[in-house]
Amino acid sequence: MTASKEYLANAEPQKPDQKFGTRHYIVFMLFLGMANAYVMRTNMSVAIVAMVNQTAIEKDAEEFDDECPDTDYGEETDDAVDGEFIWSTSMQGYILSSFFYGYVITQIPFGLLAKRYGAMRFLGWGMLLNSVFAFLVPLAARQGGAGWLIAVRFIQGLGEGPIVPCTHAMLAKWIPPNERSRVGSIVYSGAQFGTVISMPLSGLLADHGFDGGWPSIFYVFGIIGTVWSIAFLLTCYEDPVTHPRMREDEKKYIQQSLWGNAAIHIPPIPWSSIAKSMPFYAILLAHLGQNYGYETLMTELPTYMKQVLRFSIKTNGVLSALPYLAMWLFSIVVGWVADWMLTSGRITHTWTRKISNSIGQYGPAIALIVASYTGCSRGLTVAILTIGVGLNGGIYAGFKINHLDLTPRYAGILMAFTNCSANLAGLLAPMAAGNIIEGKPTIAQWRIVFVIAACVYIFTATFYNIFASGQRQFWDDPETDELQKPSAPIESPEHSEAKGVNNGTNLTYRTVNEAHQS
């Protein structure tokens, strides 16, 4: 360790004494933003059931396996809903997937733009676009049909594209390293919180809402999203340096903790170094495995329970929300424990990430394998599903927040690449399952589906454990930035403050230079 890094490691920044600071408000708003994003993503899956005239559609005979008794099957029958639209199953698939395609193609562009122009405004305006276009969903469906509806949902997806890379970029600028595990878990668990809220509330609005029921889903959530977006744009700031009202002690604490803060200087993206970074590929593979396994857990197990166990979990609102609720709660617990491990000084960032990620990926892998051998026990399978998805919450304090450890200044860009790739990989899960069980949805064939997903989880988690790192990488080292500019003058604290740079950050950079010169 060089003298400069030794100084920075030993000089513990003084934590402010207030219970709720500006950074906590930023975290709260990002949590609500993530929840709102997942509400917008999932509400169509509930609304489309009420939108489609089920009795007018020619249904293919659904295949069932006869290994398990059908006693009690049909105890929760779905009443046919006579909706407004006659859309085939394939057309419904296009409508549901249109949002996803808009979301995926904007990941990397917004990651790059956030690095150049800042993340906050892209996030706020993107979610505002998403929310405003929610009001147009009923109009597009009724006046323009499926084509116009697909276009509107695609634009909504484009607006949601900044949510993950820009959230990551903001966390990198606002959250000290020893708070990242719990903060990252809280923010990203908003996805599960939003899903838990969206599914039952959308169902209630579809049955009892105004303007025919299902349109009220988009009006209500559109209003909520618009209010959040405006509040976010008016009250949140890109980083502590640009915030005009936060306390100075909290500002110094954050800036001193983030000794290479992006508000000072962001050099060009080190593409070559990133491309050769094994810790980056560890995160990438873990993210790919996560999306593949998660899609299997959340989309294929319910199908298995209906085709094989003769029990539709989707007809029970409580049971359908249980896995998301378990993951939300467990992710927060793991985040707090991970930060306690770090602040205690007993476990390094690297091992904390590996332990958390192992829980989050080996746990669901075991659950998938066990679920494939539960036979015809419906209750046990539901319990396994809930436990497996719950343990999956460990990934937030694992690979998900690990981008910020490697490179605070380029975390948004790394997340854009891994999240885009992982969402594409998530498409493989239903495709693989469909090919394996087509025409023969037996327990043995479904076991192959589950074991493949478990193996993906295990392989990617093991790769992560071998190559992952919790240390800031050499290609994102502010000391190197300064060495590349030897003629740059060292500004006084007063001059830095006049330019909007606080004493804490200026002290850090001056100390780096002085240590190097000595």
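Cβ atoms are placed via backbone N, Cα and C, with glycine included.
What TrEMBL says about this protein:
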type: DOMAIN; residues: 22-472; note: domain 'Major facilitator superfamily (MFS) profile'
type: REGION; residues: 479-506; note: region 'Disordered'
type: TRANSMEM; residues: 20-39; note: transmembrane segment
type: TRANSMEM; residues: 94-113; note: transmembrane segment
type: TRANSMEM; residues: 122-141; note: transmembrane segment
type: TRANSMEM; residues: 217-237; note: transmembrane segment
type: TRANSMEM; residues: 318-338; note: transmembrane segment
type: TRANSMEM; residues: 380-399; note: transmembrane segment
type: TRANSMEM; residues: 411-432; note: transmembrane segment
type: TRANSMEM; residues: 444-467; note: transmembrane segment
Report, as numbers and ranges, every residue of the chain located at least six residues beyond the transmembrane segment (94-113) whose Cβ falls under 8 Å of a Cβ in that stretch; write 'none' if there are none.
40-41, 44-45, 48, 87, 122, 126, 146, 149-151, 153-162, 164-166, 169, 412-417, 419-420, 423-424
May I ask which of the stretches 20-39, 122-141, 217-237, 380-399, 444-467 has the most CB pairs under 8 A with the transmembrane segment (411-432)?
444-467
Restricting to the same chain and to residues at least six past its boundaries, which positions have a Cβ under 8 Å from a Cβ of the transmembrane segment (20-39)?
123, 127, 130-131, 160, 163, 167, 170-171, 174-175, 183, 186-195, 197-198, 221, 224-225, 228, 231-232, 235-236, 240, 243, 245-247, 250, 254
Per-region confidence, the domain 'Major facilitator superfamily (MFS) profile' (22-472) (mean pLDDT, whole number):
83
Excluding the flanking five residues on each side, which residues at least 6 beyond the ends of the transmembrane segment (380-399) place their CB within less than 8 Å of a CB in that stretch?
181-182, 184-185, 188-189, 192, 282-283, 286-287, 290, 293-294, 297-298, 301, 304-305, 309, 313, 319, 322-324, 326-335, 337-338, 352-354, 356-361, 363-364, 366-368, 370-371, 374, 464, 468
Name the range, of those listed as 122-141, 318-338, 444-467, that has the largest tally of Cβ pairs under 8 Å with the transmembrane segment (217-237).
122-141
